[in-house]
Every structure is written in structure tokens, then in C-alpha cells.
Amino acid sequence: MQENLKNDKLKIGKYEFDSRFILGSGKYSLELIKSSIEEAKAQIITLALRRANTGEIANILDYIPKNITLLPNTSGARNADEALRIARLSRELGCGELIKIEVISDSRYLLPDNYETIKACELLAKEGFTPLPYMHADLYAARAMRDVGAAAIMPLAAPIGSNKGLCAKEFIQILLNEIDLPIIVDAGIGTPAQACEAMQMGVSAVMVNTAIAEAKDIALMARAFSLAVNAGRAAFLAGLASVSEAKASSPLTGFLRD
């Protein structure tokens, strides 16, 4: 079993990773980012371009170890064209071609616009990006994103920043059943137990930001999430026992007559 875990890679397009825990960076102080990455044992960290201004002295890129893969996002984009402009800027800053597409035109609930996200996926894929669309868990939209070049699908578990957990669990399960791409649960995961539950379902990875950034001990919470993600993945690979009615684990009769 240890060998199975050792060879169990997260594959996104042409990229491979040992860790299945993706760390958000949107709410951290710069000083805590490095220690959080180390405790999380993460190999991917998301990056909002607004925090990577190369003219600032305290540039977030200076706090991220060089061996960590950056996953810049298009946070702030309200439509596909704006997402494309942000992605191009990301590439100019040297952040690579992996890009998390975030297109949100709703300022109240902060729900992703699946229609514009599909368009953004197509535009970015044509320009050589490896797009990972953040989306509301909908099978038809996920199929469309896959067909235009998405390398993975990132459905929300619950509204962003809510810490409500797997509210969209049944819809995520449909994506797992029908979409032959990595499914990465993003947004709404509030506890390590919820991250573990998502991994037990068979999702490829989990991304967490708010639940760690708002913890009293950020580094320790990052470690807790890392352990939970690993435990959930191991449980999925091991094969969970089926849910049934009461079933004795030891003989209930006969032993007194032996």
C-alpha cells in the first residue's frame, strides 16, 4: 500500500505532483505564506495577480519557494475577455501557463459565471494556457469546459469563503462519474474533516484558503489539512466499506456450545 501511495501522482495536463493539497494565498500575511506552504507540504499555490505587483517591495513572489508551482488565477475578471487579459499578464510576469480561471460577475454571492468561464477556457486553451476553470458544479458546463480544453475542473463545494463544507456533494459526485478529468474541489471547505470527506469521494485534489488563513494557528491548521487530504486519499485507494444495516463483526451464537 505504501508503494501505491508513493506512485500516486496528481496529473494536470503535462504536470505531475506528489501532493494533492493546493494552498490558496489570498488572505495570508506575506510572512506566514512560506511557513504555511512548508506545513501543508503543498506543491501548488494559487496566486492573485493583484498580489504580485512587481513594483511592490513586499512582493508575494519573494515569499514563495522557487520549487513551488504557481497557479495564478484571474480573480477580478467579470467576463471571458477580462480573464484572457489577466492570464496574458500572468504569463508576462513569468508565472507559467497553468491558470485558474475565475470569472465572477455576481458581487453578492460570488458565484462563478459558468457561461463566461466556458468562453474563457476556449480562449486560453487556444493561446497555449493550461486552464483550470473554477465553476458551479454543473455537468453540462463541465462537459463544455472539457471539450474546449480544460485540463481539470474545479467545482465549488460551497460559496467561496463560507466554510460550509460539501454543500454541492451530490453534484460533485456526478462530475466524478461523468468527467474524465481531474476534479479539484475548490471553495467552501472549512475543516480538515470536510477535506478528508471530499478526498474519500475520489476527487483528485482539494484547494483551501479561508479555513487556514482564519485559523488561530495558521501553520498548524495547514498541517492538519495536509494530513486530512492524505488520509482521505488513502481511504479512497484502499476501498471504503459499503454502508449497510447492522452486521456482526464477531460470531454471536455457537461459541458457548464448542
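Each residue, glycine too, has its Cβ placed from N, Cα and C.
The active site, schiff-base intermediate with DXP feature in Swiss-Prot is assigned to Lys100; the stated evidence is sequence analysis. As annotated by Swiss-Prot, 1-deoxy-D-xylulose 5-phosphate binding site applies to Gly161, Ala187, Gly188, Asn209, Thr210.
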For 1-deoxy-D-xylulose 5-phosphate, whose listed binding residues are Gly161, Ala187, Gly188, Asn209, Thr210, the greatest C-alpha pairwise distance in Å: 9
Same chain, 6+ residues apart, C-beta under 8 Å of the C-beta of Gly161 (1-deoxy-D-xylulose 5-phosphate binding site), given in sequence order: Leu110, Ala187, Gly188, Asn209, Thr210
Assigned conformation of Asn209 (1-deoxy-D-xylulose 5-phosphate binding site) - DSSP reduced to three states: coil
Reduced DSSP assignment, Lys100 (active site, schiff-base intermediate with DXP): strand
Of Asn209, Thr210 (the binding-site residues), the residue whose Cβ has the fewest other Cβ atoms within 10 Å: Thr210
Three-state secondary structure, Gly188 (1-deoxy-D-xylulose 5-phosphate binding site) (per DSSP): coil
Local Cβ density at Ala187 (1-deoxy-D-xylulose 5-phosphate binding site) - other Cβ atoms counted within 10 Å: 27
Recorded positions compared (Lys100, Gly188) - highest count of Cβ atoms within 10 Å: Lys100
8 Å Cβ shell about Gly161, Ala187, Gly188, Asn209, Thr210 centroid, 1-deoxy-D-xylulose 5-phosphate site members excluded: Gly24, Ala158, Pro159, Ile160, Ser162, Asn163, Asp186, Ile189, Gly190, Val208, Ala211
Local backbone state of Gly161 (1-deoxy-D-xylulose 5-phosphate binding site), from DSSP in three classes: coil
